[in-house]
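Now, the feature entries from TrEMBL:
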DOMAIN    535-659  domain 'STAS'
REGION    574-595  region 'Disordered'
REGION    684-703  region 'Disordered'
TRANSMEM  60-78  transmembrane segment
TRANSMEM  90-111  transmembrane segment
TRANSMEM  147-169  transmembrane segment
TRANSMEM  181-201  transmembrane segment
TRANSMEM  222-240  transmembrane segment
TRANSMEM  260-283  transmembrane segment
TRANSMEM  393-412  transmembrane segment
TRANSMEM  418-438  transmembrane segment
TRANSMEM  445-466  transmembrane segment
Amino acid sequence: MSKAAVVSTVKHIVGAPEQPVPYVSVNEYVRERAGDPRKLIVDYVTSLFPFFQWITRYNLGWAIGDIIAGLTVGLVLVPQSMSYAKIAQLAPEYGLYSSFVGVFVYCFFATSKDVSIGPVAVMSLETGLIITDILDKFPGRWEEPQIATTLAFICGFIVLGVGLLRLGWIVEFIPAPAVSGFMTGSAISIAAGQVPGLFGIASKLNTRAETYKVIINTLKNLHFSTIDAAFGVVGLFFLYAIRWTCEYLSRRYPRRARTFFFISVLRNGFVVIILTLAAYLYLHDKRDEKLKSKYPPPAILLTVPRGFKHVGQPVIDPELVSAMAGKLPVATIILLLEHIAISKSFGRLNGYKINPNQELIAIGVTNTVGSCFAAYPATGSFSRSALKSKSGVRTPAAGWITGIVVIVALYGLTDAFFWIPSAGLSAVIIHAVADLVASPAQVYSFWRVSPLEFLIWAAAVLVTIFSSIENGIYTSVGASAGLLLIRVARPRGEFLGRVNVRGDDGTTSRSIYLPLSSDRGVINPRVKPTPLGSGVLVYRFEESFVYPNSSLINSRLVDYAKEVTRHGRNQSEIPLYDRPWNDPGPPRGVTEDNSDADKPLLRALVLDLSAVAHIDTTGVQNLIDIRKELEKYTDGPVEFHFANISSPWVRRALIAGGFGSGQLEGVKRAREVAPVVPGRYDAFGGQATDSQSEHAGDDASIDGSTVDGIPLLNSDTPFFHVDLASAVRAAELGATSVERPVSPREDLKRD
């Protein structure tokens, strides 16, 4: 058997047309987008190290900005990192380890100059929860640092894999209100958990309980406050006092705003130094032993090891990984979302674009390498990134300067860290996480822009406060995914009417098409679009036509068409035995209602696909079903015109369903494109009439959309139109060119 015969046989088996209409092919599509493999590999490897793209152009001007920003961030990072380690149930030095690795390693892989990597409040809280959970389930099996290091390694490895596989687009499925919701809830949880430490009553209650319980128990035990409250409350007061004073003076004296900015930046270090000095003097004052016996000394950090004492290969216990497996999704989501949200935000603010995949690689490498330094999970910090940006950072190299500051602290200041009061660190934490709480203006903007997304934000906050941070994250992610599916499965769509508009000179006019429904609140209510005559309906999609929404749109189109048009046959003349079982007609003795006899007969349906980026097999099958049902209802042909097709794959799918080319004589119409149960159909209704064939030829010359005599669209598909106006003109011309059956009431009028 020859090759041509084999091809012909295969085409016959699969039902391919003998003279197919040209459309985009898979081979052409792949060839256009596939480049030289070697070049693709080189580009991929090069993109992994953006460091080489800017380091060769480094100059003194950049260095000055980076040094100032690096020192500024470092002075804030040192006290913050020790405070966050406290949240993570770890000793202070582990916060410093994470800080050094975060700022130092990130510079080599970063595509954002502003982001500062290191310990953050929310990730520290999640790390502490995971450590507490594992220690409760497996007491004495593993120590806190090993659990934290293992978590950093596994989460970093997962995020690194996501970045290398270029799957960063997954993060885009979670909207900003959802991220803000669990960040706000987490910030409230962290602040509530630190208030007992602020007053020295942390031992009186369980700070790991649900947030609302912590708040209630804190209020119940406030009368047990110790001398720690003097350090904590005073420290928190001065943190806010310095901040607000500097903000006021910056507005009052704008020329010295930068000076006041740096004074405000140093407030964390200044307050910690003052509180440390006060604690040192109090504990070394031997004059009033009676006072000390009445008021026990404040809790302090005690010994902080000098340098990197735990550098080495991390010990990854498979059983420990299995024990924390259920917590890994939440920890990974926090690493992904917080960092990408921060890096994108500062990229928009400073006029550059980040590469989400590369940022995930940077986070993954940072945490994987950090496990060798006994670091716990680190990600982008909003407060330190904002500080870095305002300080005038020029390149990611500022992180190296920050790393040097951390090293100096580790090797030269650990003796001073001994006297830092724990209540002072609680004040630093509360002051830092307060900025993560969404402002009233931001929450109100969520409500104004999208009430449904505001509900997602509120749900995430409430679940986090009344349950846990894990449930808050799952709620925000799940609600966001549900909202996305609802928007796809229940899209808005509108039937359009015509409005004639005139120019300012009054000499020119044109027709525009607006929704017939009046509930939009967009169009002036005095403007009343009129339905098209001649049995032509126009429908505009507002979403891709895919399987979740195809049945809804099917019902919407068919129901509306039956509502505004009439049957093709006089229902009173149809015998009972010819009626379908689900439409038996009126009861015996009751006359058939012919109230719709004055309605037009449906001749054409115009579909505006300007918002349709995709159409799948189920969507095409529903279009075929719509055509079959409407033609049965009208007892005649119904034209389907398509306007504003923007995707070649949408065009391909429509052609595969038998649309676009018209009902040519001798061509069988598609009954099903993908039947669930294979079936056979006879040729009844499969042949087009001569009038249909002639009419298809008429439509081919109606559009007239050309450029220098070249048609914009392929002439093989005359029912595809370049815009809505030409589609409506073609449909109206086709509707008036076909002889319309006379309705019973028209017969009476003629008599």
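Glycine too: its Cβ is placed from the backbone N, Cα and C atoms.
Because the structure is a prediction, the values reported are computed rather than measured.
Long-range contacts of the transmembrane segment (60-78) within the same chain, counting only residues at least 6 positions beyond its ends with a Cβ under 8 Å from a Cβ of the stretch, are 96, 99, 103, 116, 118, 262, 265-266, 268-269, 383-384, 387-388, 391-395, 397-406, 409, 413. Beyond the transmembrane segment (90-111), the same-chain residues lying 6 or more positions past its ends with a Cβ under 8 Å from any Cβ of the stretch are 48-51, 73, 77-78, 80-84, 117-119, 127-128, 131, 144-145, 148, 152, 301, 304-305, 308-310, 343, 354-355, 358-359, 361-363, 365-366, 369-370, 373-378, 396-400, 402-403, 406-407, 409-410, 414, 417.
When Cβ-Cβ distances below 8 Å are used as the criterion, the transmembrane segment (181-201) is approached by residues 86-87, 121-122, 125, 207-208, 211, 214-215, 218, 221-222, 224-229, 232-233, 236, 298-299, 338, 422-423, 425-427, 429-430, 433-434, 436-438, 456-465, 469, 472-473, 475-476 of the same chain, each at least six residues removed from its ends. Against the transmembrane segment (260-283), the recorded stretches 222-240, 393-412, 418-438, 445-466 differ in Cβ pairs under 8 Å, and the greatest number is found for 418-438.
Counting residues of the domain 'STAS' (535-659) by DSSP class, helix then strand then coil, yields 55 helix, 19 strand, 51 coil. Long-range Cβ contacts of the transmembrane segment (393-412) within its own chain (Cβ-Cβ under 8 Å, at least 6 residues beyond either end) map to 51, 54-55, 58, 61-63, 65-67, 69-71, 73-75, 77-78, 81, 93, 96, 99-100, 103-104, 106-107, 110, 112-114, 116-117, 306-308.
Across the residues of the domain 'STAS' (535-659), the predicted structure has a mean pLDDT of 86.
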